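Swiss-Prot lists E164 with the feature active site, giving similarity to another entry as the kind of evidence. According to Swiss-Prot, the feature domain 'Ricin B-type lectin 1' maps to 273-400. Sequence annotations record features per position, and here Swiss-Prot assigns disulfide bond to C286-C305, C329-C346, C417-C430, C456-C473. Swiss-Prot lists 326-366 with the feature repeat '1-beta'. Feature annotation from Swiss-Prot assigns repeat '1-gamma' to 369-401; the stated evidence is similarity to another entry. Positions annotated as repeat '2-gamma' by Swiss-Prot, on the basis of similarity to another entry: 495-528.
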Amino acid sequence: QDQVIKFTTEGATSQSYKQFIEALRQRLTGGLIHDIPVLPDPTTVEERNRYITVELSNSERESIEVGIDVTNAYVVAYRAGSQSYFLRDAPASASTYLFPGTQRYSLRFDGSYGDLERWAHQTREEISLGLQALTHAISFLRSGASNDEEKARTLIVIIQMASEAARYRCISNRVGVSIRTGTAFQPDPAMLSLENNWDNLSGGVQQSVQDAFPNNVILSSINRQPVVVDSLSHPTVAVLALMLFVCNPPNANQSPLLIRSIVEESKICSSRYEPTVRIGGRDGMCVDVYDDGYHNGNRIIAWKCKDRLEENQLWTLKSDLTIRSNGKCLTTEGYAPGNYVMIYDCTSAVAEATYWEIWDNGTIINPKSALVLSAESSSMGGTLTVQTNEYLMRQGWRTGNNTSPFVTSISGYSDLCMQAQGSNVWLADCDNNKKEQQWALYTDGSIRSVQNTNNCLTSKDHKQGSPIVLMACSNGWASQRWLFKNDGSIYSLYDDMVMDVKGSDPSLKQIILWPYTGKPNQIWLTLF
């Protein structure tokens, strides 16, 4: 047992809470998959190392310890003085290794929200979170009082403010805001949908094939609109701080991202899964077989995504690295920049011309030529070609049947929101009803003001300190393609730099391009 992770509500600040959550995340991280931290693979964890304790106190006098299972980041038990209490569904080994020397009791409910809410006679929406709620939870559990209803309610507070906050950047951020402003809050529909879909999102990322999830994950926006997440490059994936371990991607042993060796019995994701999806790209248009013509050599174009899923915009991502519509292959005519991309019979085409890798960053590359799929024309119906990879916006793609832009506000330094002002962009107090703070995130990696989706966030130059402004999307430049990363940065692939609030001073009214430092003025969050 290394040092106990501690948090006290006495004199707590958003900073002290942030440090607590970061320490907890660090202790729970077992590796990286697709560059996202993941809990340890249960097959690699010995039972005696399966649990960690977190000490929560609200003063010198009152503290409790919470036992957390490292394989799912879940609260399984707590200790109050010389007594310890275990949730009904706690693993058998929990009572062996957690809180030795205490008198152990079993609680009458398990750790699922359904059961906790039934015993609490309240739903999560009705239970306030924040410092006051946590202070009370610690006092109540420490008192050893036998009121089951109140026990369940206080555990709902602790689970969300510790476990859920460790799993999601947006939940830890929300708690941080409530500490900073001294106000309690109830979980909104977006937060609840994230809590309910943690295993689905984790599985989607780990089982993704060529960027596509095996199943859609349906989240909710704050105003109860469905948010469909069906691809690794969907910007919402960046709110994950920690994933549940589901399985290792089949090619993980070649992946430099995995920091632990694969053991024999470790679960490998199925490689049999071959998703059929749309491929959205420039200006949200879809990869389309021109005029439904499947004769060899017919060109592939960018066309507006149809209201219904239709065959000539549907592509099966095969495990042999071909991408097929109606059984025929997406094929490059040659290996020189500017060669056009066509539909072709898979068996008679040159094999290397039909192979494509879809990278996590939205690049679709033909390995033989090292050229990438590109929509050079901004007009509908333009022929797709292969070009030298420059991470241009017109070379950005996202797979999935839901190719419509994802509309969100973007909060950053000091919990202020990104706001469009003419051709400029800066930070202002967040206001859900302000159109100037709504951003449409397109499949091509562009970030567009909802007020005018012909305008894209663009870095003026390719150099450190360059201001970020709104410019015409019709350019399709590299300076208009952005990646939302799990470290909180909004990243320019071409420049290898990130969006940065100049000088950590919002009053300068400038967001600039700057090398990544990880400081708070480079950390952003989609609030959908």
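Each Cβ is built from the backbone N, Cα and C atoms, and glycine gets one as well.
Overlay of Swiss-Prot annotations on the structure.
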residue: E164; record: active site; Cβ contacts under 8 Å, 6 or more apart: I171, L194, E195, W198
residue: C286; record: disulfide bond; Cβ contacts under 8 Å, 6 or more apart: R278, I279, G280, A302, W303, K304, C305, K306, Q313, T403
residue: C329; record: disulfide bond; Cβ contacts under 8 Å, 6 or more apart: T322, I323, I343, Y344, D345, C346, A349, T354
residue: C417; record: disulfide bond; Cβ contacts under 8 Å, 6 or more apart: S409, I410, S411, L427, A428, D429, C430, D431, Q437, L527
residue: C456; record: disulfide bond; Cβ contacts under 8 Å, 6 or more apart: M393, S446, I447, R448, L470, M471, A472, C473, Q480
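DSSP gives C430 (disulfide bond) a coil state; it is part of no helix or strand. For the recorded site, the residue listed as 'active site', the DSSP three-state label reads helix. Confidence across the repeat '1-gamma' (369-401), taken as the mean pLDDT and rounded to a whole number, stands at 97.
By a simple count of nearby Cβ atoms, those within 10 Å, the most crowded of the disulfide-bonded residues C305, C430 is C305. DSSP assigns C346 (disulfide bond) to coil in the three-state reduction, placing it in neither a helix nor a strand.
Of all the disulfide-bonded residues given, namely C346, C473, the one with the smallest number of surrounding CB atoms inside 10 A is C346.
Here the repeat '2-gamma' (495-528) has, by DSSP, the following mix of helix, strand and coil residues: 9 helix, 12 strand, 13 coil.
DSSP assigns C417 (disulfide bond) to a strand in the three-state reduction.
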